[in-house]
Amino acid sequence: MVKCKLFFWLISWFLKVKNGEKVWKFLKSCPENCYSEPQFAFIGRSNVGKSTLINALANKKIAKTSTKPGRTQLLNFYKNESEKLFVDLPGYGYAAVSKTKKHQIDRIIAGYFQKDQPISAVFLILDARVGFTNLDYIMIEYIIQQGFKLHILANKIDKTNQSTRAILLNQCKKLKLNCLLISAKNKNNLSKLQELLE
């Protein structure tokens, strides 16, 4: 009976992959990097939609989301159907957490972005309605100083107008950074993001 269930599960998994359906899985949560494989890192201020983006890429809910900022407080690791590794980092800049918790999150982020980490690329996610904040600029400078490839993802563009989007792209141009306007909710431009993850 167990072998029969396993067989049908494998057939189902194969058909999903063949039909282009995303087969992602959650691995584990860690206070530090617990994998030595190359990985893509997602970081941003609290409540910019990092976990929602993971779910959109996976085409299913594998990352916990919340309207309350500060939900993610550890490094959350995922793998996609191509066995590529993704990391959802804690959000920075959430004022409502205690100083102790804030320092803990800062240590986790700083510890992750050490120069010897196997990071293929970092994707810094913004809330397109808010744009760049001082904390974002600090994080951008830090990541670049550490020598990692950096992309900007301006999320929630479905809630912005053309003028706001133009301003964001101009700011990215001044920073000499690749910027992609996306909506994790409506899946706008996720195919372009997938190309960056190849």
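Quick reminder: no glycine exception, Cβ is built from N, Cα and C everywhere.
The domain 'EngB-type G' annotation in Swiss-Prot covers 36-198, and the record cites sequence analysis as its basis.
Taken from Swiss-Prot, the feature GTP binding site applies to 44-51, 70-74, 88-91, 155-158, 182-184, supported by sequence analysis. Around the Cβ of Pro90 (GTP binding site), the number of neighbouring Cβ atoms within 10 Å comes to 25. Classification of Pro90 (GTP binding site) by DSSP places it in coil, neither helical nor stranded.
The Mg(2+) binding site feature in Swiss-Prot is assigned to Ser51, Thr72. Under the three-state DSSP scheme, Ser51 (Mg(2+) binding site) falls in the helix class.
With the fewest other C-beta atoms within 10 Å around its C-beta, Lys156 stands out among the binding-site residues Lys50, Lys156, Ile182.
Counting neighbouring Cβ atoms within 10 Å of each of the binding-site residues (Ser51, Leu74), the lowest count belongs to Leu74. When pLDDT is averaged over the domain 'EngB-type G' (36-198), the result is 91.
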